[in-house]
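Written out below as structure tokens is the structure these notes cover.
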Ligand SMILES: Nc1nc2c(c(=O)[nH]1)N[C@@H](CN(C=O)c1ccc(C(=O)N[C@@H](CCC(=O)O)C(=O)O)cc1)CN2
């Protein structure tokens, strides 16, 4: 396949942020400034960087953000109290709990404590169910970013075979449901899948969401496959081996500059949508 298309996530993210700036200006005329609260538990440097990127991007486009940094030894109950306060704070429209939390914390319980209307990161069980059944919840941001890239570049996924590698609650599982809702034929593969390379060989679209650097090799791909790399490994290395996958693909997202920047723009988009909905709810009550 000659001349594969490099899918430029920075360009996609910019187009999302440009749309948002207009909406944010409109909201400001009503005295509303969309606000995202981020919670980081512990001092994992990569997570700290991602949270900082989220809050910096909020400020750049005229939103507010409140960064809550909690010590490593925070208990589940203490974290639940912080989330409850944010649920009740009318100035906060969206809540993000950075994943992963330290292992002594019950992450599922913490995610599920976020009220659905502020779950702009799509991490609650309720949000997952509502996304799956297309009931209007905010989807997880990386899956939403993958769909945004697909739409921006007009990639045809209906009836195509998408192989998702990974089944995590905030990536592999939700993106599989979202692709299914777009009429793709979806195979979810994972660490226990037998003959993974043979499974991947059948894919028109490969979503790499496995969390291992350069895991997907070009030789596994069908000629002309689309590769959507959702990996964010240390050193900004994706889950796909870019050079070999590029050569075999028809289109591919790089790392950095692919799905990552779009993920952040989707978080801000959901927060603006939440600010609009919550303000409408205040007016009608
Ligand atoms: N609660 C959540 N936790 C985590 C999520 C999430 O969506 N919700 N996703 C990942 C990490 N992540 C955001 O949190 C994330 C990772 C990487 C990027 C990104 O833009 N990376 C850049 C490169 C980094 C850089 O420029 O320094 C890129 O790919 O170009 C954004 C978000 C885990 N946790």
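Don't overthink the numbers, they just go from 1 along the chain as shown.
Each Cβ is built from the backbone N, Cα and C atoms, and glycine gets one as well.
The model shown is predicted, which means the values in this text are computed figures rather than measured ones.
For reference, TrEMBL has these:
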type	residues	note
DOMAIN	7-121	domain 'Tetrahydrofolate dehydrogenase/cyclohydrolase catalytic'
DOMAIN	141-278	domain 'Tetrahydrofolate dehydrogenase/cyclohydrolase NAD(P)-binding'
BINDING	166, 167, 168	NADP(+) binding site
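Taking the features listed in TrEMBL, we show where each one sits on the structure.
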residue: 166; record: NADP(+) binding site; Cβ contacts under 8 Å, 6 or more apart: 172, 189, 190, 207, 208, 209, 210, 211, 230, 239
residue: 167; record: NADP(+) binding site; Cβ contacts under 8 Å, 6 or more apart: 173, 176, 188, 190
residue: 168; record: NADP(+) binding site; Cβ contacts under 8 Å, 6 or more apart: 209, 211
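Each residue of the domain 'Tetrahydrofolate dehydrogenase/cyclohydrolase NAD(P)-binding' (141-278) gets a DSSP state, and the totals for helix, strand and coil are 58 helix, 27 strand, 53 coil. For the domain 'Tetrahydrofolate dehydrogenase/cyclohydrolase catalytic' (7-121), the number of residues in each DSSP class (helix H, G, I; strand E, B; coil) is 60 helix, 18 strand, 37 coil.
Confidence annotation: the domain 'Tetrahydrofolate dehydrogenase/cyclohydrolase NAD(P)-binding' (141-278) carries a mean pLDDT of 98 in the model.
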